[in-house]
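Beneath this line is the structure, given in structure tokens, with notes to follow.
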Amino acid sequence: MSFKVAIVGRPNVGKSTLFNRLVGKKLALVDDTPGVTRDRREGEARLGDLSFTIIDTAGLEEAATGTLEARMRIGTERAIADADLCLLLIDARAGVTPLDKSFSQILRKSPTPVILAANKCEGGAGKAGRMEAYELGLGAPLPLSAEHGEGLGDLYDALAQFAKGLEADDAGQAVEDALAEEQDADAGFDPDAPYEPDLEAPLRVAIIGRPNVGKSTLVNQLLGEDRMLTGPEAGITRDSIGIEWEWRGRRVKLWDTAGMRRRARVTEKLEKLSVADTLRAVRFAEVVVILLDATQPFERQDLHIADLVEQEGRGLLIVVNKWDMVAEPQEVLRVLKEELERLLPQIRGVPIVTLSALTGRGTDKLMPAIERVHTFWNARVPTARLNRWMQEAVSRHQPPAAHGRPVNLKYISQVKSRPPTFAVFSSRADDVPTSYRRYLVNGLRETFDLPGVPIRLFMRKTHNPYADRKKRS
């Protein structure tokens, strides 16, 4: 299926260079001087087996009304509205600027899907800038070098995933179908019934993280035996190993997984298969433990793994290993919490457990924390409480009007758990912007105490009984 992609971003981040790279010709003028591109330019692009229309746009700038820059911005905004997908480009070497933040907010409010890419990452440059890009709230940034053609494989994967989603005739219908499937899977779900854990079914937990952070050592400590091979060499564990275990009379299915590296470092065929096996373990788990090494800096790959867990709808717990080797634990913990809040805004309040897998200190806190996250993941909120909350939320902050008409939210209901999923009903559901949906999700998380779990929120259109009468009259 053909689709249209608009490359957007502030001036001089490499939009025209990427445009030329994708169309295979130097159709767009490229120079180091900001603002070279003034008019939108379209071309037919090919990437692997994908064919699509690409739009090169003028650099987004803050500008006074009536100026040339303001007219250029209007043209860019029209391109965004015309596109099926936006590719927001930032300069990783320069880091995230106030303009980047400003325009990411604009794009979050737009109904057009967005892929975030960090350009000028050749030779490992711009690592700090890529980390900063997480605070834009647009997911994991793709590292690119438009000039050298690096990172196009990651871009292809993202575009191919988007193209699959376009196979539905209508994007809104696709959301409705997905919600209907989830409702069918949860037939008989009653949000007003208290959650009662199924103690007969095993609690499924996957332990994942970068290589050599101590995953197998932690599993051995929990089991009380040297079940898993461990050592200082990174990558000893090759498969996702499932282990049946019992904790305080409750059955647990525990997965020790292969270390996940960033894709550029995954070269051996066996290691690629190991990573795929780890991804399957994440999808089968109910709670995912991301294990960090307290002695190493927080890396982009950790954020990428957390983003994957959120997308898969699993409960999340951050565990920091080798805590006995930290000189200033309170300061390190404070910085870690701030980094998580800033870089993972989509999962606020993720619980953190600190421990030493080698000595066993702090490991007694792990399973109770996993059980709490599992309870949050299964949370049920009574419909009456939900609607009282929504009335208060709307009274504090009304949805923005659309086309000069107010957007009224009728009611809200929880349609499933695992993870908590809610439907908000409105006669103008399509006009509720992404920013307002995010406001509702944050409110749900804070009010009903749902840390460490993804929250799904769908807008559903209510039928207007007078609409048919107007058509007949």
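In case you wondered, yes, glycine gets a Cβ from its N, Cα and C as well.
Taken from Swiss-Prot, the feature domain 'EngA-type G 1' applies to 3-167.
According to Swiss-Prot, the GTP 1 binding site annotation covers 9-16, 56-60, 119-122. Annotation note: CYS121 (GTP 1 binding site) sits in a coil segment as assigned by DSSP.
Residues or ranges marked as domain 'EngA-type G 2' in Swiss-Prot: 203-378.
As annotated by Swiss-Prot, GTP 2 binding site applies to 209-216, 256-260, 321-324, with the evidence given as sequence analysis.
Swiss-Prot lists 379-463 with the feature domain 'KH-like'. Residue counts for the domain 'KH-like' (379-463) under DSSP, helix first, then strand, then coil, are 31 helix, 22 strand, 32 coil.
DSSP classifies GLY9 (GTP 1 binding site) as coil under the three-state reduction. Separating the Cα atoms of LYS215 (GTP 2 binding site) and CYS121 (GTP 1 binding site) is a whole-number distance of 30 Å. Nearest neighbour of TRP323 (GTP 2 binding site) by Cα distance, taken over the binding-site residues GLY9, ASN12, LYS15, THR57, CYS121: CYS121.
Residue with the densest Cβ environment among the binding-site residues ASN12, THR57: THR57, by other Cβ atoms within 10 Å. Distance noted between the C-alpha atoms of ASN212 (GTP 2 binding site) and CYS121 (GTP 1 binding site) is 26 Å. It is 39 Å from the Cα atom of GLY209 (GTP 2 binding site) to that of THR57 (GTP 1 binding site). Around the Cβ of ASN212 (GTP 2 binding site), the number of neighbouring Cβ atoms within 10 Å comes to 19.
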